[in-house]
Amino acid sequence: MKAFATRALAFSVAAGQALAAVTQGVSDNTYNRLVEMATISQAAYANLCNIPATIQTVEKIYNAQTDINGWVLRDDSRQEIITVFRGTGSDTNLQLDTNYTLAPFDTLPQCVGCAVHGGYYLGWLSVQDQVQSLVQQQASQYRGYAVTVTGHSLGASMAAITAAQLSATYDNVNLYTFGEPRTGNQAYASYMNEAFDSASPETTRYFRVTHADDGIPNVPPAEQGYVHSGVEYWSVEPHSPQNTYICTGDEIQCCEAQGGQGVNAAHVTYFGMTSGACSW
């Protein structure tokens, strides 16, 4: 709603945050790209229903112990290798969601001092070999293809950790997350912002998409050492390029400023698409 935008801007003034940190409107190309990635991420809840026709499935990613689900896909029309993770879909996933212990990011030693969400790191460890092997196979066969990672909710944090890992091997990895919880500490956030050129919207390859008052980006609490990264793209109704806001600087100014708590209506629906509904 427009009211959300007004409240966010008012909050920025109260917090002393420069208004220039919130910019209204994105290009049609950017908006269409966000919607496309949201479609894939929401479809992951229902075995990739109704994904764009140009995208073909390479292989499924799965670990029974953590119930992490995902797929490696390929879009030859865009020359792109895509990895997508499903969000929370079971009690096993919920156990990962609520493990807020910060775990050292030991699989990425380049990320000095980095720690990430303990539950999602366990998820990453459970599928790391599958993901890296599948992406390597595709990248070797389709040289020059871009590498993109996406996901919603739990899948968003899985995507972020995966993209961080892949960025150590591949140039210009792209990351699109939807309703992403806070995923790591300040060292991790700084690493991600540098690795994904997130100093400005013009250069970023890390699009952290939020919606209205989605409550999940407010967890885990910042007081526990968690910090968001990437450039936030905040979508409000009615969805359009003009109603998409670019939020940089202080993370508590757009979605997070709305006071949403937990899994609410705004969390399960992005750009009018409800997780797994396949009605788009």
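First residue shown is number 1, and so on along the chain.
Note that Cβ sites are derived from N, Cα and C of the backbone, with glycine treated the same way.
Annotation source Swiss-Prot lists signal peptide at 1-20. What Swiss-Prot lists as disulfide bond is Cys49-Cys278, Cys111-Cys114, Cys247-Cys254. According to Swiss-Prot, the feature N-linked glycosylation site maps to Asn99. Sequence annotations record features per position, and here Swiss-Prot assigns active site, nucleophile to Ser153 based on similarity to another entry. Feature annotation from Swiss-Prot assigns active site, charge relay system to Asp214, His267.
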### Task
Would you list, in sequence order, the recorded positions among Cys111, Ser153, Asp214 whose CA lies within 10 Å of the CA of His267 (active site, charge relay system)?
Ser153, Asp214
### Among Asn99, Ser153, which are recorded positions, the residue with the most C-beta atoms within 10 angstroms of its C-beta
Ser153
### Query
Which one is it: of the recorded positions Cys49, Asn99, Cys114, Cys247, Cys254, whose Cα lies the shortest distance from the Cα of Asp214 (active site, charge relay system)?
Cys254
### Task
Count the Cβ atoms, other than its own, that fall within 10 Å of the Cβ of Cys111 (disulfide bond), considering every protein chain shown.
23
### Task
May I ask for the distance between Cys114 (disulfide bond) and Ser153 (active site, nucleophile), taken between their Cα atoms and rounded to an integer number of Å?
21
### Largest tally of Cβ atoms lying within 10 Å of a Cβ, found at which of the disulfide-bonded residues Cys49, Cys247, Cys254
Cys254
### Query
Taking the Cα atoms as reference points, how far is the residue listed as 'active site, nucleophile' from Cys111 (disulfide bond) in Å?
23
### Task
Out of Cys114, Cys278, give me whichever of these disulfide-bonded residues has the highest number of other Cβ atoms within 10 Å.
Cys114
### Query
How big is the gap, in Å, between the Cα of Cys278 (disulfide bond) and that of Cys254 (disulfide bond), rounded to a whole number?
28
### Summary
Among Cys49, Asn99, Cys111, i.e. the recorded positions, the one with its Cα nearest that of Cys247 (disulfide bond) is Cys111
### Message
I need the most crowded of these active-site residues: Asp214, His267. Count other C-beta atoms within 10 angstroms of each C-beta and give me the top one.
### Response
Asp214
### Task
Round to a whole number and give the Cα-to-Cα distance in Å for the pair Cys49 (disulfide bond) and Asn99 (N-linked glycosylation site).
30
